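Asks: Taken from TrEMBL, the feature domain 'Major facilitator superfamily (MFS) profile' applies to 1-381. According to TrEMBL, the feature transmembrane segment maps to 33-50, 62-89, 95-114, 126-145, 151-171, 202-222, 242-261, 268-286, 292-314, 326-349, 355-376.
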Amino acid sequence: MVLFASSFGQTFFISLSGGEIRRAFGLSDGDFGLIYMGVTLASAISLVWLGKLADRWSFRQIVSLAVPALALGALGMAYAFSTAVLIASLYLLRLFGQGMMVHIGYTSLGRWFAAERGRAVSLSALGLNAGQAVLPLLAVAGIAAFGWRSIWMIAAIFLVAIVLPAVLMLVKTERVPTRMSAISVSTDARSWTRSDVVCDPCFYLLMLGMLPPAFISNTIFFHQVHLAQSKGWPVELMASAFFLYAGVAVANSLLSGYLVDRYSALRLLPFYLIPFGVGCVVLAMVDAPWAVFAFMVLYGISDGFSLTLFGSLWPEVYGVKFLGAIRAVIVAIMVFASALGPGLSGLLIDHGVAFTSQIFAMGAYCILIVMVLLPVSRHLVARR
């Protein structure tokens, strides 16, 4: 439920009203990209501090803060008639949507489960997959029927009236790991502190493999209207393909949960980006509409694995005692990457660099990074 609710602060949902926002405020692709990059960078900086609350507060306490704050951001979007209100609302959406909701969801799972952590993470990731499958179609229909501001009003009401009470009811008592899970914790990595982690060279090499889904998908989805117009596709084409993507992502998320528990996240990490890279190359080079569906299938394969790896890799490598503080840095870096992509690509578009050329370069990166991740993975398996 928490991961589903994070969808309202994710780029794939915000970008669906991006064209209307640009027209309402007279913004170019680059202008809106820079605003989006700025608020996302600010949310990433805030998350480094705010994310530590996951080590100090209970799950119920953090949810009671994050969900109303996310709803406030959605409400602000509905009533954003000035650029200042737009910026403040986007900041809240990014901080408490993509940032805190994802952070507290995966941090709690990392602590609550150890023996079958991969399966637990993959099942919980279905919430985000459900949001990606359902919300784009509902949003496109809602915008066509009621206007873009109305969907944000509905989102705010949904968060406060349904999500918050449901989550608090489901977690009346804080979960305590079972005895078998507690025993399995002893097989995890020693518990590194946050300062230890940021001094570990392997951490930065791992991030090179974990950042592409956030950077690339946010870039493509943020500029999906521009991509559709440049290819001569209907604007609704990519939104219609989200359902296919979500089905593939669900299947691969469940598969990856089983594989992580059997082989470990470290052993799977080097290979999960290959389908995504191929999908980007197809999307860049093919002008036929089927390229969107091929891309979404291949992205779904990688993203299904990504969601499980993101929840399982860090406790596997760095332990769980300081997981909240460590993951706060990780999520902040990933949010930073998701901010950099739309802003940088928007500037490149404004300066004449074709968006398809950018997508091709990102696909090539996904394929080539395998050569870096393989030796890093082997080293960390041996280090454990």
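In case you wondered, yes, glycine gets a Cβ from its N, Cα and C as well.
Where the annotation comes from TrEMBL, it is an automatic prediction and has not been curated.
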Asks: Among the recorded stretches 33-50, 151-171, 242-261, 326-349, which has the greatest number of Cβ pairs closer than 8 Å to the transmembrane segment (62-89)?
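Replies: Most Cβ pairs under 8 Å with the transmembrane segment (62-89) come from 151-171.
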Asks: Per the definition of 3+ C-beta pairs under 8 A with sequence separation of 6 or more, do the transmembrane segment (151-171) and the transmembrane segment (202-222) touch?
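Replies: Result for the transmembrane segment (151-171) with the transmembrane segment (202-222) is no.
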Asks: Where does the mean pLDDT land for the domain 'Major facilitator superfamily (MFS) profile' (1-381)?
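Replies: Average per-residue pLDDT within the domain 'Major facilitator superfamily (MFS) profile' (1-381): 83.
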Asks: Quick test of the contact rule: Cβ under 8 Å, at least six residues beyond the ends. What residues does that give for the transmembrane segment (326-349)?
Replies: 11, 28-34, 36-41, 43-45, 47-52, 54, 94, 98-99, 102-103, 106-107, 110, 192, 194, 197-198, 207, 210-211, 214-216, 218-219, 222-223, 226, 314, 318, 355, 358
